[in-house]
């Protein structure tokens, strides 16, 4: 605070002839207190990340099954809905980021109003995704429309929420700590989304359809099977529809609750007193953020690693049920991974503060590789699968935490190199989300086409050997190759701990000078 005190001394001596030192100390304490976040603040901020993960988990695991088996759409039209929805979702992120970056400051902040006003319509559109309309001709339009509307409104929530990291505190340590809280809650959100949707609609899963080999193998037991089926309670399609609507209703209530906790529990700090940059066009914004070398490298790193983890996530349930034969246990295996990831978040937060963020990315990402190899090499064993999945969750936690922990460092680096260009935080976050969603769409397309070429049988009790080989590639070989590519790019990422700490000091000096200048102007105005 030497420069800050010097500015205060000059102001006091030349303008007010007041004693030097006391005001500077008060100003320093006030600045320190303003940037310190309480545990309550961090928890309220973290809770705001749950809706994105809960709804994303429910849609990711269950929407395709719902469209095929409950809404009873043709697989071709279901594929159109899923692909177009993902593509639209990716496009909306930089668009909303551009609009948010041009939003004026309000008494509630610049990010929080987006979160508040998008919530009611987002909840309504999400609920209508899981409603089967009473007409047949326009079902495809119905689901495509509300899926795209929800993705747009969800983006209006998530992009400002992601950029809010830069406005809850100007201290890197506080932002990193809040990010760790957020990642813990978001991982819990994936657990909650899996549990809610799985428990409520789990009994509505359609039974598998036996193939020719299964029919021949079970001919001798056909009479007994009929008798058993007659004694079991029959689940009608109406029961299945009701189960999905109940699950969506519960998730909608959680969405609303989390949004209100975030809005009323977090105070968005006004950005520096420097005037914001002149508004720029959408393509100028793209050129601006992608032209910053560290950001481009970081995005490429996590584009490849995100694609690896999304291939694993998108195909692991099918791998467990079809290749390993754990059709009735895959939901519990997924829960084991998510619970392990939740417990590991504090460890990775400690690790990155102790050894640095680049080292944490290497250690966290590579920690998953042995378990990717083990799960496809070992013979099918439920206990071993649980152990391997729980261990793999430790690496999944690093994939959740580290990208969001490193993005503020890139934004700080940009502000140091471009001190006169401000107000672009939402653009950096929205383009990162765009690339991760792009990776999600690519993984969905690769998986679907690969399984189609391998001869996957929809709802089949058994699959061809080519399908088992394809699933092993999708959950092991392909993700490992993508992880290696991402880590090679990370080697050239220039922001190490020394540069990060240097940026932090430079930005702190800028803020101190701006605060002193603001104080001088106020004192001069009071004297006049």
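A Cβ is built for glycine as well, from the same backbone N, Cα and C atoms used for every other residue.
Record features, source TrEMBL:
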- 43-65: transmembrane segment (TRANSMEM)
- 112-132: transmembrane segment (TRANSMEM)
- 144-168: transmembrane segment (TRANSMEM)
- 242-266: transmembrane segment (TRANSMEM)
- 298-321: transmembrane segment (TRANSMEM)
- 333-353: transmembrane segment (TRANSMEM)
- 359-378: transmembrane segment (TRANSMEM)
- 383-406: transmembrane segment (TRANSMEM)
- 426-457: transmembrane segment (TRANSMEM)
- 469-493: transmembrane segment (TRANSMEM)
- 508-528: region 'Disordered' (REGION)
Checklist entry - Is it true that the transmembrane segment (298-321) and the transmembrane segment (112-132) have 3 or more Cβ pairs under 8 Å, skipping pairs fewer than 6 apart in sequence? => result no
Item to check | Selected stretch (most C-beta pairs under 8 A with the transmembrane segment (43-65)) from 242-266, 359-378, 469-493 | outcome: 242-266
Checklist entry - Cβ pairs under 8 Å with the transmembrane segment (333-353): which stretch of 144-168, 242-266, 359-378, 426-457, 469-493 has the most? => result 359-378
Checklist entry - Do any residues of this chain, six or more beyond the ends of the transmembrane segment (426-457), have a C-beta under 8 angstroms from a C-beta of it, and if so which? => result 79, 82-83, 86-87, 89-91, 93-98, 100-101, 111, 155, 158-160, 162-163, 165, 209, 211, 285-286, 288-290, 295, 299, 302-303, 306-307, 310-311, 314-315, 318, 403, 407, 410-411, 414, 463-464, 466-467, 469-471, 473-474, 478
